[in-house]
């Protein structure tokens, strides 16, 4: 029997993301703009297959070839003839849908592998019975043989993403260790090169380690290399480094080409210049060009069609520096955006409420755009509920950022059935269901705007200039002068590496918990009186429950966390449990089914006193360590609270077993396609089922499917030949 955490259940929630009304209201020009941006995002999103696992791209091509010839309904007849039961065929469809939704065979939320919930010989029989196999038996057999073992493999290292012996990654070749990642980061820093759009491949040459840093770009080596001076071979700490372009080249070419076509339909000069710089970035592999594009993006205030594209979030790089490709296109929801705009207007009054001294806050709050959006396209490994971007520290600190809340995602993702609501007291369940949506709107708003948008980094630049007065600023924790800071091109990610993402999510979540106690904030979102109190209670209860559910994303064997946000919520749970005074309780009970269960209690009368004080102290420490680049202090604090053990007042390893026993699979989303018909754009929608999700992907790449699949196979083969022991 395979542990259920390694497959997706047949009844997994799959919902269509509805944006039909928002799309209908766009002008013909805006629809064209949204169409070409969506195409750029979808083509670029295929790079995630190559960023996830050695087998993901080949599995994707296998599925595309099968479903291009037969729809899921047509294929079912062959499946039945090949001996599959209806449950087994549904398990295959769910696996295929999962691979598309996660852009690979590892869960985007949790980083664990998932395998088909049917025997391998049955899946092989289905592949061989398919029309695609009948028409091209040699090619299809070679494709099946190239990935069939890895589809099912659950060897220790294969079970999750990670570096070295901790798991699988394709950001690094399989022979790279943490030491290699640290050395490469030092090299990149010395060249003032960002790691965001890179991968690292290591090989031995005459007993000497040689490293290849590969930049994502349409152009390959030998083309206009003068435009990017960083390319070439270098000796660094007695090791050979070469910097080359052309990673994901055919995909980046598609991205750049569609961005160029979108330019003709841009609404203003900022959008045109933004797209020009993005195009340059994906053509040449230049993060500087992407930063320039992001500057124009920030200036493009309140567009009707909002978008962002690039190598953005570093959650899935085991070292925490490389960005996964994502691209989104969304349409503004004006009513909800008004509330967020009011929150932005109140920001300067709310920021001083945060628990750190004024010197630790940005010199001026650069009022960002904050909009609620209905997603048309979100290409990548998963869809978040809210985003605060760009992630470039230097731009965020001095030029600004934008926040978005993804309204149609929130509406679907957090709809909960009472019978599936685990670990809460019966009395709390109805209130939780009633106020989860409104409380999450408040939490997302605060988390993105005043969480990620707050706090200063102390920096001494390359000219020796400080952005703070090092002779006066006192560290509130040590009561001494600040004695550490960031130097030159050092960033939050490059300093705090493996804990940076989760630590920052934790800081933002704490800001949300802390400021949701503010009546002015609650009023902005239409919550007054008893309703406001209920929203506070459900927001805190949701965070405590999230911390407990987070245990699903911890791997005891490697003592590692696989999901940044869930680790953050567990840390907050630990902080609230540690303060005691009956604020939070976790009680182990026996459920009605006779199996182990857990009951969460939260004393609502103590949230604004005991709870607030605990978050106040913890949040101040998080900010001080971040501002002062105190990696040792920050790691000790954060890793201490992240520890999952069977000692102390709670046996978290035993609680984890109960959480796994009662876990619910994360929902998957079906997204629409856009198609040009004559001189207009039409929206093609699909049903919220595994079959609908599959059809959306086969129809997404219809026009150049064969060439695209050949490119993916070729790119994957190239990775394999450079990979050290990547697939071993």
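Every residue, even glycine, has its Cβ placed from backbone N, Cα and C.
In TrEMBL this protein carries:
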type	residues	note
ACT_SITE	448	active site
BINDING	447, 452, 505	Zn(2+) binding site
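Structure with TrEMBL features highlighted.
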{"residue": "447", "record": "Zn(2+) binding site", "CB count, 10 Å": "28"}
{"residue": "448", "record": "active site", "CB count, 10 Å": "28"}
{"residue": "452", "record": "Zn(2+) binding site", "CB count, 10 Å": "22"}
{"residue": "505", "record": "Zn(2+) binding site", "CB count, 10 Å": "22"}
Listed in sequence order, residues not in 447, 452, 505 with Cβ within 8 Å of the centre of the Zn(2+) site Cβ atoms: 388, 448, 451, 504, 507, 508, 509, 511, 512
How many Å lie between the Cα of the residue listed as 'active site' and the Cα of residue 505 (Zn(2+) binding site)? 10
